[in-house]
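Here the structure is laid out as structure tokens; the discussion comes afterwards.
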Amino acid sequence: SGESGAGKTESTKLLLQHIMNLCKGNSQLEQQILQVNPLLEAFGNAQTVMNDNSSRFGKYIQLRFQKNTVRGAKLSEYLLEKSRVVQQDTGERNFHIFYYMFAGLSLKEKEMYGLLDPSLYRYISGRFGTQDAAQRWKNKYQEVCNALDMVGFQEQEQVDMQAILAGVLSLGNVTFEPEESSGSVKVSEASRGWLKAAAVDVLSQFLCFVPCSPWSPSVSCCCSLCADARDSIAKVAYGRVFGWIVCKINELLAENVDPEVELREIGILDIFGFENFAVNRFEQLCINLANEQLQHFFNHHIFQLEQAAYKEEELPWETITFNNNEPILNLLLARPFGLLSLLDEQSAFPQATDKTFVDKLNSSFKGNLHFQPGRGRVLSFSIIHYAGKVQYTAGGFLEKNRDTLPANIRGLFINSVTPLLSVLFTGKSLCYDRASHVNQGHLGRSQHSLMVLMERMYSSNPHFVRCIKPNSQKEPGVVDNQVVLQQLRYNGLLETIRIRRDGFSWRPSFEEFAER
């Protein structure tokens with residue numbers, strides 16, 4: 001764990017290499033496991049203000065062993081930041097894979113996928129990169145292709161996948177205009193070519209018949225609803241491709257052993273770091289909530305269990321206090337009046353708006369030490385997290401939490417001529433069962449999968465790798481003492497050092513002691 005840009009993903013890669021090296025095998029499976037990372041980074045990482053290769057999802061890698069040999073691996077992914085597909089803030093980029101494709105595909109391949117000059121695409125903000133960057137991306141694209149081959153993806157699957165990604169980019173350029181005669185909305189003449197390039201012509205029938213809101217049935221409102229529908233299609237399509245890649249990896253890396261054989265396991269959790277940007281949205285709340293839970297797990301393990309062991313051994317001991325973040329987790333997760341429950345409740349009301357949600361928060365958490373109402377004209381609220389105060393901009397919270405795809409669109413995808421697109425939406429290939437938590441919004445569902453993960457972690461024997469960021473400028477070889485000290489403080493590392501130092505840091509077993 002650690003802040004965004006502190007080195008979690010790099011440490012994970014080194015740890016995996018180290019474990020594979022210790023196995024001393026040179027099997028194909030070990031090579032495949034190492035190839036998984038470049039693949040996941042291409043589709044799940046992006047440049048942010050804080051980090052040029054920021055993980056925009058959380059991953060848990062389970063390695064299964066029989067007698068010191070890796071026999072299989074399983075990957076779980078959490079909370080992919082799908083909104084990045086359709087919108088990035090200043091200084092940020094979309095997922096790496098889009099840039100890799102532009103840099104790495106040949107002219108003939110681009111023609112096949114209907115890709116034009118990158119400066120034309122709205123979903124990558126019309127920005128590409130320097131010559132140097134393009135060369136780096138070209139090399140990265142080759143790495144991704146090698147990884148896809150190595151892990152075992154068929155050629156046709158790779159073609160279909162890139163066709164979907166190119167279609168997503170083209171879809172982003174579809175715009176809408178009023179239909180003069182009928183007072184409804186149609187795909188603008190100027191963007192008909194993009195709709196064709198997106199290879200989903202039937203979408204034009206759907207996109208122009210998005211039901212208008214009864215509260216503001218103006219044509220401009222319908223145009224905006226059509227644009228929302230377009231973006232939600234792009235986000236869902238990308239999210240499904242990512243989920244499919246993870247499923248496919250799991251099929252290819254599954255252990256092939258007798259079910260009677262007991263396998264031992266090492267799990268590595270590499271999850272997105274705590275974030276506090278100039279503008280923080282729904283996605284930052286999801287990320288910071290996950291970090292809040294990890295911090296609680298660390299506290300429980302180091303402070304509560306550790307000190308209980310000292311008391312049991314009857315060491316002369318004065319209890320060391322620590323910053324317990326349980327009140328913050330209660331504010332966020334308590335039922336039925338925690339922030340998450342209130343968000344799901346508001347998301348279920350068609351008339352509810354981001355403003356009614358914020359009003360509800362302000363009245364529910366009045367006087368709570370970890371909550372502050374927003375000030376100024378922007379609709380917002382602040383939470384005092386374990387790592388400091390973060391102000392969240394509330395616009396878009398309900399829409400992102402609903403995370404819905406209109407039913408008729410689902411039907412179009414299922415009947416798509418692209419075989420992979422059809423598979424992604426029939427649900428046969430997906431590894432997760434959405435039906436089990438149907439009444440929860442996006443954050444609720446993510447929370448459910450995180451809770452399953454936390455249960456697994458509480459029953460394991462954890463080792464904590466705390467990654468510390470040396471400076472805020474993304475500079476090598478520069479240590480900013482204040483930045484480092486702040487992290488040591490809020491992570492509870494100063495108290496951890498005290499506990500370990502005062503409580504005997506070397507702990508041989510009785511056998512080791514007697515032997516010695």
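Heads up, the Cβ atoms here are built off N, Cα and C, so glycines get one too.
Just so you know, TrEMBL annotations never went through curation; they're auto-generated.
What TrEMBL lists as ATP binding site is GLY2, GLU3, SER4, GLY5, ALA6, GLY7, LYS8, THR9. Taken from TrEMBL, the feature domain 'Myosin motor' applies to 1-516. Look at TrEMBL and you will find 450-472 tagged as region 'Actin-binding'.
Overlay of TrEMBL feature records on the structure.
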residue: GLY2; record: ATP binding site; Cβ neighbours (10 Å): 19
residue: GLU3; record: ATP binding site; Cβ neighbours (10 Å): 24
residue: SER4; record: ATP binding site; Cβ neighbours (10 Å): 21
residue: GLY5; record: ATP binding site; Cβ neighbours (10 Å): 22
residue: ALA6; record: ATP binding site; Cβ neighbours (10 Å): 20
residue: GLY7; record: ATP binding site; Cβ neighbours (10 Å): 17
residue: LYS8; record: ATP binding site; Cβ neighbours (10 Å): 22
residue: THR9; record: ATP binding site; Cβ neighbours (10 Å): 24
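Those same-chain residues not listed among GLY2, GLU3, SER4, GLY5, ALA6, GLY7, LYS8, THR9 yet with C-beta within 8 angstroms of the centroid of the ATP site C-beta atoms are ASN51, GLY273, CYS467, LYS469. Helix, strand and coil content of the region 'Actin-binding' (450-472), in residues and according to DSSP, is 9 helix, 0 strand, 14 coil.
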